[in-house]
Ligand SMILES: [Fe+2]
């Protein structure tokens, strides 16, 4: 049945709105790429569009693919641009080039019995792809050239030309193999605060098992001789994961993840460091040289600057995977933070980290993308649905958003100062701040282990010295007028606030941050749905309520809001961005929301508060007292 244009538009908008909840849902939409046969699913991992398990092989002698140069990273670089020339006798819009790593991607790499009639002929997804007609003359001439940016991720590469579109691919030509000079090289360091304030952890990835080389960090203060600290090594195998595609077409050997603990740091001191592996003959394979500033002592009065956002994901700088349609703001956010890195002390990426969704290779791509940030300032992550959720795996929500990862990737690739990384809640102090990071993918309600943690984290901070108390979770446990939460009527995860709001109020939590909804929203200081103050930009005096902020616009496709803003919603914006907090001293805090596109401030307020304001009784915040005798 034909539908008028207005009806089609309305249907599209309704579907778009339904998809805008930040979870795993999505709608089919035409891609902005140049291909007429190309379409993408908003919010869907692009690699999942490839029906690689259905692929057939029909090598065509008239088709060819060539990649150059053959040797990458000869000066120790961990990224390289590669030129791929290809030709096909019957060019069509559905042709595409897939990048495979390792280069040998035939049935011999399938788990279990392979090569049988019923088994797939290719059982691992490419790490990225481009449509052949991104090369403009391909349709006319049958010849094309594409540029790919590769990163060092432990294995060699080959490029394969497929016809038949993404969903029913037929392999017609495979390129020569290319490789990095040292595929095992230590790469992509990421810093995180340790369990104590004067400990920095360095985590990185390499191809060196502990049997082959000893991982360590060489580090020291500026102008002082270096010391060496050994690193631990962990990895995981296919059986550690919970389901498809992580265990099947999305599987890729993760290599080895190393973490060293640099301890007894001097507050605010600049340190340099270099990761390395000592081979049995005493030779050392070095990573790059970096530096970081040690964290301040808890309660130390000095300038402290914090960046918080969620839901960033990754995108490919070479236009692969549908021209970044998956997380369109990711590179902007990354690059804007890199530009301002001299003015950032610590970063919180509060869940929905890579959106790999079970395609393991994407974690390497993400760690490479954010390396300029993570190698210089602590990068603290929280767990989201795209890291953790999987049915019958202990996650609070039974969705499939992790693509079978069930938390293993997030818990392995990044260090967090949790007691048990499978329970992703932790506290961390940064000078005058305390952060209580919750795990919204595990039950947080009263009576649970996590509730006890949150209560203890909030209760044990000395507000004289650490006045700025911040609560963080991935899903919105506080307030959001995002379309999805508004449609549910709770304006948050159901039952979330009932369990937590008395804790926030009793312990005078200043700020609470969430992701999951891909937009920006800031509330008034609110308690039990009511604004404690009509003020919008200069807060002072007693903490009558907590200011909640949704900062889910890190990079993934944006989410819309309910038509009408609830009374507690002070500012909302459907754009990519992040929040930066600046603590000047014990009484002054600056809050800024900056857009990723230009780094400019589009919402801000200040808080001026003295210790007596934190002690002051407000609604439901103090135990009963006996009035003074008259
Ligand atoms: Fe999420």
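Using N, Cα and C of the backbone, Cβ positions are placed for all residues, glycine too.
Record features, source TrEMBL:
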type: SIGNAL; residues: 1-21; note: signal peptide
type: DOMAIN; residues: 65-182; note: domain 'Purple acid phosphatase Fn3-like'
type: DOMAIN; residues: 189-293; note: domain 'Purple acid phosphatase N-terminal'
type: DOMAIN; residues: 305-520; note: domain 'Calcineurin-like phosphoesterase'
type: DOMAIN; residues: 545-604; note: domain 'Purple acid phosphatase C-terminal'
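Among the listed stretches 189-293, 305-520, 545-604, the one sharing the most Cβ pairs under 8 Å with the domain 'Purple acid phosphatase Fn3-like' (65-182) is 305-520.
When pLDDT values are averaged over the domain 'Purple acid phosphatase Fn3-like' (65-182), the model yields 92.
In the domain 'Purple acid phosphatase C-terminal' (545-604), helix, strand and coil residues by DSSP number 0 helix, 31 strand, 29 coil. Mapped onto DSSP helix, strand and coil, the domain 'Purple acid phosphatase N-terminal' (189-293) counts 3 helix, 53 strand, 49 coil.
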